Amino acid sequence: MALVERSMVLPLVLVTMQISFSYAAIYKVGDSSGWTTLGNIDYKKWAATKNFQLGDTIIFEYSAKFHNVMRVTHTMYKTCNASSPIATFTTGNDTIKITTHGHHFFFCGVPGHCQAGQKVDINVLKVSPVASSPTPYSSALASPPTVPASNVPAPSPSNAAPLKFAALKMIMGFWAMPFLVHF
């Protein structure tokens, strides 16, 4: 019996862990084209189609012989001023994890590249993915269906205790299973 319970709880724990970490995304700037001046890539349009969140990773892939990535202030971004960047990346495969809300401004510091459009504004909103997703009842005219309390069945006494212990086992984690199985 204990083995059966363990085999049922472990997948639940793994699914819970997957849900917890599933919000972080990885974005390659420019998608298949990467970070370049070739091909008239509209990085502003590219960024506008994304929903950046805390924990996401931004990857800049480019030829290190011809490009770089500079993180800059808004003023520097608007004027393509590369004189004192916040950070400079030069590997050709730069990975940047988003750890704060707001705008994150990047451009290529090679003369003329920023002016040619090789710049991107990664905007991380303070709205969580759950709060920003529409619900079926988000319309001002619609209301959620209601069920009268008299139509809701009471929980069966025979099922109540096992459900409480199953939830407790899941919260405690897989390591606590041997101690809880005997209850």
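Keep in mind that glycine also has a Cβ here, set from the backbone N, Cα and C atoms.
Listed in TrEMBL:
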- 1-24: signal peptide (SIGNAL)
- 25-126: domain 'Phytocyanin' (DOMAIN)
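Here the domain 'Phytocyanin' (25-126) has, by DSSP, the following mix of helix, strand and coil residues: 15 helix, 32 strand, 55 coil. The average pLDDT computed for the domain 'Phytocyanin' (25-126) is 96.
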